[in-house]
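What follows is a short report on a single structure.
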Amino acid sequence: ESSLTFGAELPLMFDGMKLAAVAAVLYIIVRSLNLKSPTAPPAITYQDTPLSRYLLKSCPMLSKEYVPPLLWGKSGHLQTVLYGKMGRVNTPTPCGIRKFLPMQDGATATFDLFEASGEHRTGDDITMVICPGIGNHSEKRYIRTFVDYSQRQGYRCAVLNHLGALPNVELTSPRMFTYGCTWEFGAMVDYVKQAFPQTLLVVVGFSLGGNIVCKFLGEKRSNQERVLCCISVCQGYSALRAQETFHQWDQCRRLYNFMLADKMKKLVLSHRSTFSSMASSLIGEADLNRLLAATSLTQVDDSVMRKFHGHRCLREFYEKESCVHYIHNVCVPLLLVNSLDDPLVHQSLLDIPCRLADKMPNVMFALTQHGGHMGFFEGDVLFPQPLTWMDKVIVEYTNAICHWEKKRRLCKTNSHQDTRT
């Protein structure tokens, strides 16, 4: 009789185990997708000034909730992976002209120039000078999406192609882009200023590009001439501190480190023949062979990247290439954007922009709860929209600055006229 009872209980036990397994899977999904995390407006750090009050009034996206796609958008990893693999959805194809600029060391900088689709709402000639992320260029989908949107808002766009990043474009000197070399970006900015004497500039940097543009503006005061504002998205501010965190396993950072190192290895090795054939090359076969065994960005940097500019050690390379030592010299309005769930930028690095915005009246720091690294997708449940929160907030902030500066210039002109009469 007891055996019959036990036999009858077996299906119930199996049903209970199935329910427990389903519950466990659901729990893991909810935890990994961060579904319980509430949506919230970005946390804004700023000083109370007339400009910051005007910006917060004119930029509703900085004060209203950023709502990512419901099912997966609260996972920083999925936002990051989707950006990395797909870039954007329904990507437009803006038509631009490629420019080639000879550099003093024999390198050839390239950038793509996209004219505005219509007049800017202020009536001014305004050019966005854009620096993409690590190993990126104007053909990347997130760049094309942002350029197309900016063109339609009346902005001319100039997009730097990082040295050595464009497929099927040979290097003309034994040097590639690095984390903080501003030479090519500076050459592009100089060209734009000369070609369009009336234009005003908006400086935009994505990820590594954010480090480059902030360093460029802070290196020399003259670099800020004719610059209306600067926007930096998802940068890490200090290469030295960032690399220390890249060897930690939390947020799978060590895995991302491995994948980025692999991407950089392939990029460098695609130019192996150039490094081997040029007498002026600081990169030898032994360096390239060491690069083959690299499994982290620090090993890639130590084998090759630091040697492009003759740095003696990694510490010197990271210190010299980081914008953290220059950004306090930036006087134009500066918007720094980061995401709290960015798996590439450790939260300890975010005290840099936070302290900066606390001290400097021209700096505003926007920190979102979600968005991952360069994701910031928006959407209802599953499918993301073509335009991201990031695209829209950059243009909204820029529009507000353009109107602010236009009013300021008109007030100055009127006061001069009143003085003369």
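Here the Cβ of each residue, glycine as well, is placed from N, Cα and C on the backbone.
Unlike curated entries, TrEMBL annotations are predicted automatically.
According to TrEMBL, the protein has these features:
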type	residues	note
DOMAIN	127-380	domain 'AB hydrolase-1'
ACT_SITE	Ser207	active site, charge relay system
ACT_SITE	Asp342	active site, charge relay system
ACT_SITE	His373	active site, charge relay system
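Between Ser207 (active site, charge relay system) and His373 (active site, charge relay system), the C-alpha separation comes to 8 Å. For the domain 'AB hydrolase-1' (127-380), the mean pLDDT of the prediction comes to 96. In the shown protein chains, 25 other C-beta atoms lie within 10 A of the C-beta of His373 (active site, charge relay system).
On a Cα basis, Asp342 (active site, charge relay system) lies 5 Å away from His373 (active site, charge relay system). With a cut-off of 8 Å between CB atoms and residues at least 6 apart in sequence, the same chain places Gly76, Thr80, Cys234, Gly371, Gly372, His373 near Asp342 (active site, charge relay system), listed in sequence order.
Over all protein chains present, the Cβ of Ser207 (active site, charge relay system) has 23 other Cβ atoms lying within 10 Å.
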